[in-house]
There are 2 protein chains.
Amino acid sequence: MLYIVGLGLGDERDITIRGLEAVKSCKKVYMEAYTSLLSFGLSSDGLSRMEKLYGKTITVADREMVEEKADEILTEASKFDVAFLVVGDPFGATTHSDLVVRAKKLSVEVKVIYNASIMNAIGVCGLQLYRYGETVSIPFFTETWRPDSFYEKIQRNKELGLHTLCLLDIRVKEPSIESLCRGRKCFEPPRFMTINTAIEQLLEVEESLGVSAYGENSRCVGLARLGYEDQMIVAGSMKELLDVDFGAPLHCLVIVGHTHPVEEEMLEFYSIK
Amino acid sequence: MLYIVGLGLGDERDITIRGLEAVKSCKKVYMEAYTSLLSFGLSSDGLSRMEKLYGKTITVADREMVEEKADEILTEASKFDVAFLVVGDPFGATTHSDLVVRAKKLSVEVKVIYNASIMNAIGVCGLQLYRYGETVSIPFFTETWRPDSFYEKIQRNKELGLHTLCLLDIRVKEPSIESLCRGRKCFEPPRFMTINTAIEQLLEVEESLGVSAYGENSRCVGLARLGYEDQMIVAGSMKELLDVDFGAPLHCLVIVGHTHPVEEEMLEFYSIK
């Protein structure tokens, strides 16, 4: 049996009891590397706290390893119980469909243990989940690569009066240019897009495309570290949020659509006074 | 402090460890009635299993009581720790913004403990969450009330190639016509819309509006009892799903938009052969 266990959005205590029982029953426990970067990149003892609570040794697997060793993991799972831990929900913002598809092809039984992900926890800011349109991703711009496919989607949501959740780029295990040149494996430190950078990029695209999908006065909500003790939620115009220091990652951003009175009341609490 | 604790989507074991610790620390524990209807309507010993695991007496509060006694609950929460348990995520399909707004007005501190909700767990069917458009609700038709506001939204999502999540009606504590006539409080048994009824209603609306937003050959995924041991996921045309017995509630339905290859592979596993 392969258990794919969502860890939720905070630290090791955000696993469900059902998830914890599954992990404890497994002979081998893998954890997706994103998880480690998020939970341990931020606190160095994260992995050991997790191992202590779960009572298991955890093998951290980056995307490369999951792809390369998927068959090995699945062969194990055909013989005994294996857990694969995933930050958030197994089918949240990133998807693990690939692993599930491979497992099903090999007739390995899969059990998914749900948990919170950004896709539903975003509801905390008070904007109703069923009033969101298509979700967009904002990638880091480089000098030569400045994609703007999110623009059209935001514009469409706006026309329909819907809110837009913007997921902000995470870059982990990016080979450094230097290492590529030298033919050695060497990685850039992980980068997480801040709300400020996201807004700068959004405004740059608006300026070049100029169809007024939004502007510096557009209302937004910036959210940082959802699920952590120090989560931060601030509502304001793009211009106002540009000056807010949201602190450590992860950040995300909502562009507000048409609102109902209860939504307004909630936003009020988070507004820059 | 008022803790609003998401219980997730299965039984009492789907609470997170963070949630369980919060509940155990509270002097008083309320639970939203929907929860009770879902978790106990289906298994009669649900409440006692919950109380045993949480080590607390739980006061079940229906919507009426929450509205009437909100101030009382909040006054308690200003003096000691109170937990308010909610099925799924606190800000998932139903919203508890009202309670939060009232709490904030009274300066009662609120802490939200996230969990899975249908809004992200729906990812299990393999259709990517960021490819969903606006969510719709399908209400029970009556002889005189046959609203079709969902139709336009489904059509719009379809035009954009997006998937549509259809949440199906739940009727609890509906006063019976007989009891209204006699002036006594007496309620109809709870009703949960099945996938079959939802499709019948959808096809009826298509027939009367006839703009071909969908039809009996449109691809859908029906999902029942997500998070339970016996959850059921079946992909097929509306016509095919009409004949599937999905069993006990809760049901929901996805109308499939434009798909990517990985999505296709996942749907394949759930397809009626």
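For all residues, glycine too, the Cβ spot is worked out from N, Cα and C.
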Candidates A:Leu53, A:Leu202, A:Leu203, A:Leu226, the one TrEMBL lists with A:Leu9, A:Asp89, A:Gly92, A:Ser117, A:Ile118, A:Leu168, A:His251 as binding S-adenosyl-L-methionine: A:Leu226
Cβ-Cβ neighbours of A:His251 (S-adenosyl-L-methionine binding site) (radius 10 Å): 23
Maximum Cα-Cα separation (Å), residues A:Leu9, A:Asp89, A:Gly92, A:Ser117, A:Ile118, A:Leu168, A:Leu226, A:His251 listed as binding S-adenosyl-L-methionine: 17
Members of the binding-site residues set A:Asp89, A:Ser117, A:Leu168, A:His251 whose C-beta sits under 8 angstroms from chain B: A:Asp89, A:Ser117
In three-state DSSP terms, the structure that A:Gly92 (S-adenosyl-L-methionine binding site) belongs to: coil
Spatial neighbours of A:Asp89 (S-adenosyl-L-methionine binding site) that are distant in sequence (at least 6 apart) but have CB under 8 A: A:Gly6, A:Gly8, A:Tyr114, A:Asn115, A:Ala116, A:Ser117, A:Met119
Protein Cβ atoms within 10 Å of A:Leu226 (S-adenosyl-L-methionine binding site), excluding its own: 23
Conformational class of A:Ser117 (S-adenosyl-L-methionine binding site) under the three-state DSSP mapping: coil
